[in-house]
């Protein structure tokens, strides 16, 4: 019997014609349309591409001083070949951007995008009692250190003032000694003049003192 003459279970068992599951292919078509729409939205910027979440550290206090004063008052020659970091303003090497003024620069480095680029989240760690105690201890140590530094600075100022007073004292003493010597020489010269005035005129003439005589003849 030929294939086309078979019927019933025999015919169904030897059916080589491919069958289609309409429900399965309908769902696949819908999913394909959704994927195409999502890709188009991502391309147009209507939707962000799903990326694996990156574990970021908690927001921490900055451990360095932000340099806002080093370029104040300086002039810079800018050409087409000048790197972005030297074109004026404040350059952020993390985000590779230039901010023109200090206020916006601080807003930038404290902002979400900059913190994300350095691996930080905007969440802060909740402080425990131990953290608070440790913070108080650090602040106390800092104050004591600053107090000692202030005492050392005051001691140095006192030493410098004392050295300046000693220098002035020595200078005044030296000036007084010179004045005293001049006065002594002057007194000695006056005494010599008085002694000479008591000599006999003939003796004064013989000694060559006649020109200093003030007596009248």
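Yeah, the Cβs are placed from backbone N, Cα and C, and that goes for glycine too.
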From 1-22, 23-44, which range did Swiss-Prot mark with region 'Disordered'?
1-22
Which residue range, 59-89, 90-120, is the one Swiss-Prot calls zinc finger?
90-120
So if I exclude everything within five residues of the ends of the zinc finger (90-120), which remaining residues of that chain have a CB under 8 angstroms from its CBs? That is, six or more out.
54, 56-60, 66, 68, 84
Please list the DSSP helix, strand and coil residue counts for the zinc finger (90-120).
14 helix, 7 strand, 10 coil
